[in-house]
Amino acid sequence: MFLKRWFIRALHRLQKGPGYGYSELFVWYCNNTNTHGPKRLIIEGPKKKTLWSLFTVTFACLVFWQWGLLIQTYLSWGVSVSLSVGFRGMDFPAVTVCNVNPFKYSKVKPLLKELDELVDILLEQFYSYSTNGTLPVVFPDMRSSYLTGDPPPWYQIPLVMIDETDADNPTVTNVLGTDALSPTNNSTTNSSTEARRYKVAFHLCNTNGTDCFYKNFSSSLEAVKEWYTLQYIDIISKLPLSQKVEMGYSGKDFILTCLFGGEACNYDNFTQFYHSSYGNCYVFNWGLDGNVLIVSNPGVGFGLQLALDVNQEEYIPFLTTRAGARFLLHTQNTFPFVETMGTYALVGTVTSVGILVDEVQRMGQPYGTCTTDGLDVPIDNLYSQYNLSYTMQSCLWSCFQIQMVNSCGCAYYLYPLPEGATYCNNQNNSDWAYCYYLLQDSKDHKNECLQTCIQTCNELQFRISTSMADWPSESSEDWIFHVLSYERDDSTNITMKRDGVLKLNLYFKEFNYRVITESVATNVVWLLSNLGGQFGFWMGGSVLCIIEFGEVFIDCIWIAVIRFVKWYKNRKERQVQAQYADPPPTVSELVEGYTNQGFQPDIINSCSPQAQPPDLYLPTTLEIPGTPPPKYDSLRVHPIDTEHHSDSEDL
């Protein structure tokens, strides 16, 4: 009941309003506020009032300006980065090692025989053109291979030479086309006296040939290698996985010796997987079974020591132009992107790799964009088929592969295959190279992937420092190679060469790690503190002053509402009065209007014999009766009976 009465009184106060105008409200506020300055506006003289008005308005504007900047800074959701150093036993990273040569040439040579012969012809073409400006006639056995019947697969990616000796009239020659079978029209005389300027390019077109472009290369070496790689991909993509694994390097042939923390290990301690670029690769301490090796001391003796045999004699000549191994340090249960993030190890040397660990902790929404498991990223992670964790790199390559399938109708060989898609080849996808290079150079597609893929919230980053020395030394070369040869194939003779082996040492350089942590830079406490600081500095105010101002603001609103209601009522009353232009009737006119003659008594001689009863059905000219006037005795006024009162007094 008490609560009900309180609400009723509050409602009456709200309906009644402040009870004064704006000027009275302003005077009341200046007299009662705790803010410095407003009181001077009503107690000082005219000049000081003007001066203090200027001060108050200026400082109030400064306060609001500073408040706007502070709120804008708070809503930017900024973060601060802190760096701390810790000491503990650390998980040894996963180590992936690959031979830069994917397959043994002795096993893959039958598949590449025709392609290798064609590359020999290409090199002869380039040499002849650069010296005398002519293209030699192709060998007769190769002539029939692409002039009769259907064109060979490599014809889908034409290799052309652009002669820029005459800058105003450059000539384009298809090296493998019909115009390549005879010398060009360029004279040999000019070429002998003037060096020929030409460049090699791909002439790529869509399926119907309506859109074409040239992909230029800085040298014929890069052009031939790139062209050979595309043809190699076309051949290898058709082979089953088991055959590709069988053509690669086995763990027994590749890994000669292994030590971890002073304990012996071998290729059985590595996990083998097939890499599209490097063939069979081997991962140490991948952690797929949940077991991760921990190191408690820094130094070479507590790390991983490997001796690898890359066997250069089995290198594919036109595909692999570098010799050595490629290794990558990464976290457990993540895919090793060796081709983009790996490091080379040189043959005939020992490469020592010191490892430093950085632990990065990022903040999520609204302070940043990161993901814990990648499930909130709107891209299918194609590397999840390996049961591996999400990484930024896996998202980028998955995004590119999905765009490749959507744009070109087939998948690129170096990345995992999406469900329902097939790898590109020259027979079924004649314009796949044209589509691939357009997609690769498209900034829109790159930006789309960069904007869609986000980093993980918690990540380990490995920083490495490398140093190298010759291995083995000349004095120890003989006995080391004897021992390694015997351990590998029980041979008493030396079957290894310096240009085919290398040693790799990986260890923690320092037994500490850095933690890079993002934290909130502007929280609510920071915002309120700075808002109050600015208000107090410029106007000497506090939170209570803001409440006072809010009270005055509400009163101003109610004054405006009440005035509007009064104005609206007065307007309605004026509209009602305007409908009656004549003066209002008097009381006598109203009474006369309510008098009906039909109810007045008629003077009829009922005793007269001639009197007849009225015919109720005859039409009458009398008006329709209205409402009769009141004739109640209680409403009649009688004169005062003075005599009666006097008599009663006498009694």
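Positions of Cβ are set from backbone N, Cα and C atoms, glycine also.
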In Swiss-Prot, Cys453 is disulphide-linked to which residue out of Cys370, Cys395, Cys408, Cys545?
Cys395
Looking at the disulfide bonds in Swiss-Prot, identify which of Cys370, Cys399, Cys408 pairs up with Cys449.
Cys399
Looking at Swiss-Prot, which one of Cys370, Cys408, Cys410 makes a disulfide with Cys457?
Cys370
For Cys424 (disulfide bond), what is the secondary structure state per DSSP, taken as helix, strand or coil?
coil
Measure from the Cβ of Cys395 (disulfide bond) and count the other Cβ atoms within 10 Å, all protein chains considered.
25
As a test of the contact definition, list every same-chain residue at least 6 positions from Cys410 (disulfide bond) whose Cβ is closer than 8 Å to its Cβ.
Met404, Ala421, Thr422, Tyr423, Cys424, Asn425, Asn428, Asn429, Trp432
For Cys370 (disulfide bond) and Cys399 (disulfide bond), what Cα-Cα distance in Å is obtained after rounding to a whole number?
17
Provide the number of Cβ atoms within 10 Å of the Cβ of Cys449 (disulfide bond), excluding the reference atom itself.
18
Given the disulfide-bonded residues Cys98, Cys395, Cys399, Cys408, which one's Cα is the least distant from that of Cys212 (disulfide bond)?
Cys408
Run through the Cβ atoms and count how many others sit within 10 Å of the one on Cys98 (disulfide bond).
28
Among Cys205, Cys281, Cys453, the one of these disulfide-bonded residues whose Cβ has the fewest neighbouring Cβ atoms within 10 Å
Cys205
Residue from Cys205, Cys258, Cys265, Cys281, Cys435 whose C-alpha is spatially nearest that of Cys399 (disulfide bond), among the disulfide-bonded residues
Cys435
